[in-house]
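Features as listed in Swiss-Prot:
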| type | residues | note |
| --- | --- | --- |
| DISULFID | C164-C190 | disulfide bond |
| DISULFID | C243-C274 | disulfide bond |
| INTRAMEM | 449-469 | intramembrane segment |
| REGION | 107-123 | region 'Extracellular/lumenal pore loop' |
| MOTIF | 461-464 | motif 'Selectivity filter' |
| TOPO_DOM | 1-65 | topological domain 'Cytoplasmic' |
| TOPO_DOM | 87-288 | topological domain 'Extracellular' |
| TOPO_DOM | 310-346 | topological domain 'Cytoplasmic' |
| TOPO_DOM | 368-376 | topological domain 'Extracellular' |
| TOPO_DOM | 398-419 | topological domain 'Cytoplasmic' |
| TOPO_DOM | 441-448 | topological domain 'Extracellular' |
| TOPO_DOM | 470-480 | topological domain 'Extracellular' |
| TOPO_DOM | 503-566 | topological domain 'Cytoplasmic' |
| TRANSMEM | 66-86 | transmembrane segment |
| TRANSMEM | 289-309 | transmembrane segment |
| TRANSMEM | 347-367 | transmembrane segment |
| TRANSMEM | 377-397 | transmembrane segment |
| TRANSMEM | 420-440 | transmembrane segment |
| TRANSMEM | 481-502 | transmembrane segment |
Amino acid sequence: MARQPYRFPQARIPERGSGVFRLTVRNAMAHRDSEMKEECLREDLKFYFMSPCEKYRARRQIPWKLGLQILKIVMVTTQLVRFGLSNQLVVAFKEDNTVAFKHLFLKGYSGTDEDDYSCSVYTQEDAYESIFFAINQYHQLKDITLGTLGYGENEDNRIGLKVCKQHYKKGTMFPSNETLNIDNDVELDCVQLDLQDLSKKPPDWKNSSFFRLEFYRLLQVEISFHLKGIDLQTIHSRELPDCYVFQNTIIFDNKAHSGKIKIYFDSDAKIEECKDLNIFGSTQKNAQYVLVFDAFVIVICLASLILCTRSIVLALRLRKRFLNFFLEKYKRPVCDTDQWEFINGWYVLVIISDLMTIIGSILKMEIKAKNLTNYDLCSIFLGTSTLLVWVGVIRYLGYFQAYNVLILTMQASLPKVLRFCACAGMIYLGYTFCGWIVLGPYHDKFENLNTVAECLFSLVNGDDMFATFAQIQQKSILVWLFSRLYLYSFISLFIYMILSLFIALITDSYDTIKKFQQNGFPETDLQEFLKECSSKEEYQKESSAFLSCICCRRRKRSDDHLIPIS
């Protein structure tokens, strides 16, 4: 009898009204819904990582943010240049007046400072003459000055100058017998000389006991006075003039008691609002135009700040969608590298620059309105913001492969460079402290830590090598030999070894980036997920209009339809 072939039982087709049929349809719909959700997420991710030009070609979306950034660069740079020219006039006026004051009030001033002090005296007669010369010049100021200067009130609201002297309380000294008896308590005596006192004839103030100085006890004599001036050169730039208060101080320093009294001159200029300005012409109108321009810059920066903040918020929402989807489908979290891809550092840079530009523009408007006089703080904000704005241009250059190498090389080499600099910095600090303590008494460039650090840094760049070797004093043969060993070892170590290794780190990162560009970068989970997009484009084209409608309707029920715009 022939053996019949085995027949597999046929699957039972569920009837339309049965529960199995409804479950099958529900599973199919859930699968279809999951696929649509995945495709929508993949499409949003792909659009987010596009360049502005690619976004325009993909959806005809005008890159408003790119245009706004270009306009902001032009406006901020123009604002900085105008403020820089105005600030240059302020600095020049202060420096010129300081030089004029030194020639007016310092007897025998040659035009160049001897060191950190202006000049010096070596005899008692020269000391008395220098003190009396400064006082007499102050009295005759209006007759001898070439500038727009006048007398100002001091802290006591009195017009005049104040003379103070510091000296030890009491003591006797006999150097020939090597005998010293002194009380190291310091006394401070001051006298106020008004214009009326200085105008008396004969000038009896010179014969007062206050000016009988015992130089072996004297520590210093300080002459302080206030002057007022008006900067008229701003009118040529169609700006309102500034009124200045110069707080001048002349110090005769005898603390070393070395037979040399160093004379220091310090002038602290403060800008004050002029009480009564009557200027005819277009200067006032020009100031109003500048204020309107600054207000327009603030509006542009506010718009840029809002757009970048919005993009970061939407990027974080998109990141949350991707993390939840990845965890739900693949049952594992996304790596940290992929998570940081959603945090656009350029947006953070733009936000910081916008905030600094807004603050700097407000300060600049207050300065123009003569309600604020702090040019330095405004310069820091405007200068730093302009620096960040121009650095942000690199982001758009990075879309081109030829320019992107610089950005990728900096990103790849930065961690290694920072670790290397930390190690090299320890050696650098060691040389700094050693040079300061050993060579400080014998070399001008090693007198303090700040100067030593600057000197060593210039040696690394190859500057002033011969001058550094030649200026060492040869009073001590031991120190002279140590200086040669110190300088030769530092130059050899940092130029031929540390600096070469520093360059090698950057070169290695550059070579690695070039290989990756030729052979492809290692793909992360995010890149592999986006790579599937190209393989499913045909499916997206053949998808029904009903599914597209469902996808759009589902996205409208939440904030997922908001896609970050670059």
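Just so you know, glycine gets a Cβ as well, placed from its N, Cα and C.
For C164 (disulfide bond), the number of other Cβ atoms no farther than 10 Å from its own Cβ, over all displayed protein chains, is 16.
Between the alpha carbons (Cα) of C243 (disulfide bond) and C190 (disulfide bond) lies a span of roughly 29 Å. Here C274 (disulfide bond) comes close to I230, L240, P241, D242, C243, K370: these same-chain residues lie at least six apart in sequence, with C-beta atoms under 8 angstroms from its C-beta. In the three-state DSSP classification, C274 (disulfide bond) falls within coil. A Cβ distance under 8 Å defines the sequence-distant neighbours of the transmembrane segment (377-397), meaning residues of its chain 6+ beyond its ends; these are 52, 66, 69, 72-73, 76-77, 79-80, 83, 87, 346, 349-350, 352-354, 356-357, 359-361, 363-364, 367, 403-404, 406-407. For the topological domain 'Cytoplasmic' (310-346), DSSP puts the residue distribution at 28 helix, 0 strand, 9 coil. Long-range neighbours of the intramembrane segment (449-469) within the same chain, counting only residues 6 or more positions beyond its ends whose Cβ lies under 8 Å from a Cβ of the stretch, are 428, 431-433, 435-436, 440, 443, 483-484, 487, 490-491, 494-495, 499. Sequence-distant contacts (6 or more apart, same chain, Cβ under 8 Å) of C190 (disulfide bond) comprise K162, V163, C164, K165.
Residues 87, 90, 239-240, 242, 270-274, 287, 290-291, 294 of the same chain sit 6 or more residues outside the topological domain 'Extracellular' (368-376) yet have a Cβ under 8 Å from a Cβ within it. Its own atom aside, the Cβ of C243 (disulfide bond) has 18 Cβ atoms within 10 angstroms in the protein chains shown. Non-local neighbours of the topological domain 'Extracellular' (441-448) in the same chain are 435, 455, 468, 471-473, 475-476, 479, 483; each lies 6+ residues outside the stretch with a CB under 8 Å from one of its CB atoms. Looking only at the region 'Extracellular/lumenal pore loop' (107-123), the predicted model's pLDDT averages out at 83. For the topological domain 'Extracellular' (470-480), same-chain residues at least 6 beyond its ends with a Cβ under 8 Å from one of its own Cβ atoms are 438-439, 442-445.
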